[in-house]
Amino acid sequence: MKCAKCDEKAIIKIAYANIALCKTHFSEWLEHRFERLIKKYHMLDGIERVGVAVSGGKDSTTLLHLMYKLSKIYDFELVGINIDLGIDMGKAYSTKSSELAVKNFEMLGLKYKVIRIKDEYGFTIDEAKKKIKRPVCSTCGLVKRYTLNDIAEREGLDAIATGHNLNDMAQFVLSGYFSGDILDLSRLKPVSQPEKGYKVKKIKPLFLIYEKEILTYAIINKIPFLYDSCPHTFRVGGATQDKIRRKLEELEDEIPGFMMMLVQNFVDKIQGPLEKEYAREEDISRCKICGRPTSKGREICSFCATRISMGVLNEAR
């Protein structure tokens with residue numbers, strides 16, 4: 001099978017676009033698509049300093065390299081961010097993840113920050129899983145959100161970019177319908193303006209790019225990344241989510257472009273009216289311990305409450 005743009009051998013067939021491309025033309029095609037999505041959804045409007053959250057996996061490392069190319073064209077500063085969550089499980093997962101993130105930061109000559117939550121906050125995700133009676137993924141998400149907001153404020157960032165891909169977004173949309181979580185659906189969008197009490201916006205530049213395309217780009221461009229999945233993924237009972245993801249992939253095989261249309265139509269036509277109807281701007285309080293925003297009426301934010309539960313923070317502080 002030949003490339004549609006030259007006589008070289010094609011390395012990927014993009015079924016929904018009915019096109020096959022070689023290494024060079026696929027990279028150009030993806031980079032162009034990435035840039036168009038950034039422009040269409042005004043992700044970088046008024047932005048001077050962007051932090052890219054890099055876990056070390058294929059999505060976030062590819063995002064870093066694509067954002068780096070754009071930073072040279074549009075003249076914004078890029079800062080790499082890695083959070084060492086202290087996940088080991090006999091695989092040194094977080095250590096390897098951080099090493100690969102740093103390798104990518106240094107390869108591109110970027111300023112970067114590595115936040116080790118054990119040093120910064122006194123506990124690891126592995127320790128939290130044993131001690132806190134809540135899903136480990138929920139605790140992990142809380143830690144990452146708090147840490148990213150904290151580092152964004154300290155570093156004077158205008159935006160934080162995360163590596164959520166199209167497969168992730170399609171799963172979020174379908175899961176939201178399945179569970180009837182209208183509030184979560186109303187907040188699901190590629191560009192989130194700063195939460196009340198914060199100054200940084202969150203962007204998802206890969207939200208309409210397939211996981212397969214990201215993996216292909218990473219491999220052919222020799223981007224170092226960690227192939228391993230988080231070891232907690234296989235221990236948290238996510239059977240329903242796994243089935244939803246597999247069914248979406250089956251539908252994509254049968255109807256090329258299904259996931260893209262699902263997400264694009266949701267974002268362009270459904271999310272806005274949902275947000276207008278259901279999302280309400282909440283009054284906030286300030287956590288008496290860390291001073292960060294928290295829900296109205298709460299004296300202590302969820303993150304500090306977690307640290308208290310872990311025994312690494314005194315409530316009377």
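Glycine too: its Cβ is placed from the backbone N, Cα and C atoms.
Automatic prediction, not curation, is the source of TrEMBL annotations.
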Quiz prompt | Residue in Ile38, Ile73, Ile83 which TrEMBL records at the ATP site where Ala53, Val54, Ser55, Asp59, Gly163, Asp168 also bind | solution = Ile83
Practice problem: Using the structure shown, find which entry in Asp59, Asp168 (the binding-site residues) has the sparsest Cβ neighbourhood within 10 Å. | Solution: Asp168
Exercise. List the residues of the same chain that sit at least 6 positions away from Cys304 (Zn(2+) 2 binding site) in sequence and have their Cβ under 8 Å from its Cβ, in sequence order, or write 'none'.
Key: Cys287, Ile289, Cys290, Leu313
Quiz item: When you scan the chain for residues with a C-beta under 8 Å from the domain '2-thiouridine synthetase TtuA-like N-terminal LIM' (2-26), skipping those not six or more beyond its ends, what do you find?
Solution: 212-213, 216-217, 220, 256-257, 260
Practice problem: For the domain '2-thiouridine synthetase TtuA-like N-terminal LIM' (2-26), jot down how many residues DSSP puts in helix, in strand and in coil. | Solution: 7 helix, 8 strand, 10 coil
